[in-house]
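Engineer: One structure follows; several queries about it will come next.
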Amino acid sequence: MARSKAMVYCCCALILLSVIAVIVYIVVTVSRCPPGTFSEAAVATDSGVCSRIGLCPPGTFSEAAVAADSGVCSRIGLDIIKSGGSAVDGAIAALLCTSVINPQSNGIGGGSIFTVMDSSGKVKVINSRETVPRTFKPDLLSSCNDSRTGSEWIGVPGEIRGYEEAHRLYGKLPWAKLFEPTIKLAREGFPIPKMQGLHIFEVNKTQELRKFYSDKDGNLLKTGDTVKFEKLADTLETIAKDGADAFYSGRIAEDLIRDVQEAGGSLTLQDLAEYNVTVSDALVVPLGEYQMHIPPPPASGILLSFILNIMKGYQLNPASLKGDQKILTYHRYIEALRFANGLKTHIRDPKFTSPEIAKKFIEDSFADYVRGKISSNQTHDPQYYNITPYVDSLGTTHVSVLIKDGLAVSVTSTINHIFGSKIFSPNTGVILNNQLADFCKTGDRISAGEKPSSSMAPTVLKSQSKTLVIGGAGRGKIVPGIASALMNHLWFGKSLEEAIAAPIVYVLANNTVEFEAEFDQDVIKGLKALGHEDKQERTFYNVVNAVEKDGCCISAASDGRKQGEAAGY
């Protein structure tokens with residue numbers, strides 16, 4: 001009898017253990033996130049609450065991720081979040097860091113555009129692009145074919161006012177805390193990183209900037225040499241202590257304006273004092289399962305939407321990149337880029353033009369009309385696309401940040417061309433933008449107070465269970481870079497990292513097509529047979545940085561083209 005009972009107990013125990021094993025297997029199998037994602041903490045999602053059992057692969061991140069142009073700046077942004085900061089706090093800290101790690105791309109002498117989604121799903125755009133000063137050279141745009149460097153191209157910097165507004169709306173940590181890591185970097189110095197070193201030869205164009213980048217013997221610094229930004233550290237320290245007003249009035253403003261005017265510029269203290277940030281709702285465009293939130297003009301979100309609206313009509317999928325279908329897919333994409341180029345002259349500050357024209361470009365009916373003009377077997381002359389030739393160059397930086405509470409930040413910042421106007425303020429350590437050069441691509445008029453058009457398109461996509469934060473740098477290559485990454489990820493089945501790393505194609509103003517060096521040669525050959533004129537570039541400095549939350553897990557990717565590296569935990 002006792003033996004029978006023991007056997008019964010044994011059987012029951014075995015059955016119970018089997019049931020537990022099955023339950024654990026089901027939970028692990030169903031809940032596991034894909035490779036390259038991060039999750040080891042509880043995360044509330046739209047479809048429920050994820051459990052705290054660390055189901056994403058080891059060695060990845062968990063509650064937040066930052067994707068900046070460099071590993072050091074991604075980590076600085078992440079450290080700010082870890083210390084109790086919001087996603088916006090992390091983004092501002094990462095941008096400040098980038099202003100010394102990649103000063104050729106951005107800095108407080110420039111401007112930025114934030115696209116921010118709060119935890120409720122509401123999206124705002126904070127536009128702190130530079131503006132035209134009250135006094136400017138009347139025939140400035142007649143010099144568009146020249147170098148576009150020098151003091152006459154400087155716009156009123158908006159970067160610090162943009163940080164101030166973003167922090168006011170979404171910040172958690174004290175303002176000064178966001179500046180501390182960059183002040184330390186700038187004052188103590190660091191070895192010049194590869195990307196900064198590659199562009200130092202550009203400083204030969206102006207005396208003050210060359211002097212800053214020279215050693216005691218007058219030799220130009222190079223990659224690996226130690227560089228210090230001591231005057232900039234002083235400026236940042238004052239702004240951290242006294243707030244944004246310290247940049248727009250008082251001693252810093254006086255020193256900055258004196259240096260600009262000594263270099264021949266027309267910027268005044270009144271220009272700085274009167275600068276205002278624009279805050280608006282994002283435009284919303286449906287894209288498959290997502291709602292895509294984009295910045296309105298003068299940013300280029302509508303051009304990104306226009307391209308994707310054309311391409312989604314072709315019902316793209318992984319098979320679209322197989323065999324001859326790949327040639328056809330890229331032919332159609334290049335044609336979409338050409339039509340987008342033709343719309344650039346309409347991207348203007350809505351305060352100085354009708355916003356209704358630009359909004360037309362994001363409608364499906366407009367994309368359907370343009371798609372009907374795309375032939376499957378030929379290309380056309382530039383006039384067919386209504387392309388107005390425009391000048392372009394490299395520049396800008398982008399940061400994407402996402403944390404588990406739902407706050408998502410996509411922000412692009414720039415001083416425009418490499419080292420901006422090449423005008424360096426020795427008394428403040430600030431490198432000034434040449435943002436007025438952006439009016440060269442929008443027509444023949446320029447107005448005081450106007451924000452120039454921008455290639456920047458910081459974007460947030462949201463579905464029921466996913467959030468994707470994405471944006472890019474690289475001036476005219478920003479929109480095609482983001483569009484390519486989104487098509488690769490959403491339609492062609494590539495991971496976020498693969499989607500960003502894939503070689504891109506870019507259409508120049510003269511209708512010539514540029515292919516990244518690693519682009520498929522068979523596709524290039526097929527496209528040339530359709531009439532596309534090509535130019536193969538050895539190096540593309542476009543950058544796309546993105547962070548995505550899918551269910552319980554967060555993935556992040558910084559573009560390797562600029563030695564980028566994401567960070568998270």
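Cβ coordinates are placed from backbone N, Cα and C, and glycine is handled just like the others.
What you see is a predicted model, and the numbers here were worked out from it, not measured in a lab.
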Engineer: Can you find which of Arg75, Arg129 TrEMBL lists as binding L-glutamate at the same site as Thr414, Ile415, Asn416, Asp438, Ser454, Ser455?
Structural biologist: Arg129
Engineer: According to DSSP, folded down to helix, strand and coil, what is Thr414 (L-glutamate binding site)?
Structural biologist: strand
Engineer: So if I measure Cβ to Cβ from Ser455 (L-glutamate binding site) and keep only same-chain residues at least 6 apart in sequence, which ones fall under 8 Å?
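Structural biologist: Result: Ser300, Thr396, Arg475, Gly476, Lys477, Ile478, Val479.
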Engineer: Around the L-glutamate site formed by Arg129, Thr414, Ile415, Asn416, Asp438, Ser454, Ser455, which additional residues qualify by having Cβ within 8 Å of the site's Cβ center?
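Structural biologist: So the extra residues in range turn out to be Gly110, Gly111, Glu130, Gly395, Thr396, Asn433, Gln435, Pro452, Met456, Arg475.
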Engineer: Quiz question: given the recorded positions Thr396, Thr414, Asn416, Ser454, which has the greatest number of C-beta atoms lying within 10 angstroms of its own C-beta?
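Structural biologist: Answer by Cβ density within 10 Å: Asn416.
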Engineer: Using Cβ atoms only, which residues of the same chain lie under 8 Å from Asp438 (L-glutamate binding site) while being at least 6 residues apart in sequence?
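Structural biologist: In sequence order, the residues whose Cβ lies under 8 Å from that of Asp438 (L-glutamate binding site) (at least 6 apart) are Asn416, Pro452, Ser453, Ser454.
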Engineer: Using the residues the record lists for L-glutamate (Arg129, Thr414, Ile415, Asn416, Asp438, Ser454, Ser455), what whole-number Å value is the largest Cα to Cα distance?
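Structural biologist: Max Cα-Cα spread across the L-glutamate binders: 13 Å.
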Engineer: Counting only residues 6+ apart in the same chain, whose Cβ is under 8 Å from the Cβ of Arg129 (L-glutamate binding site)?
Structural biologist: Gly111, Ser112, Ile113, Gly155, Gly158, Pro298, Gln435, Lys451, Pro452, Ser454
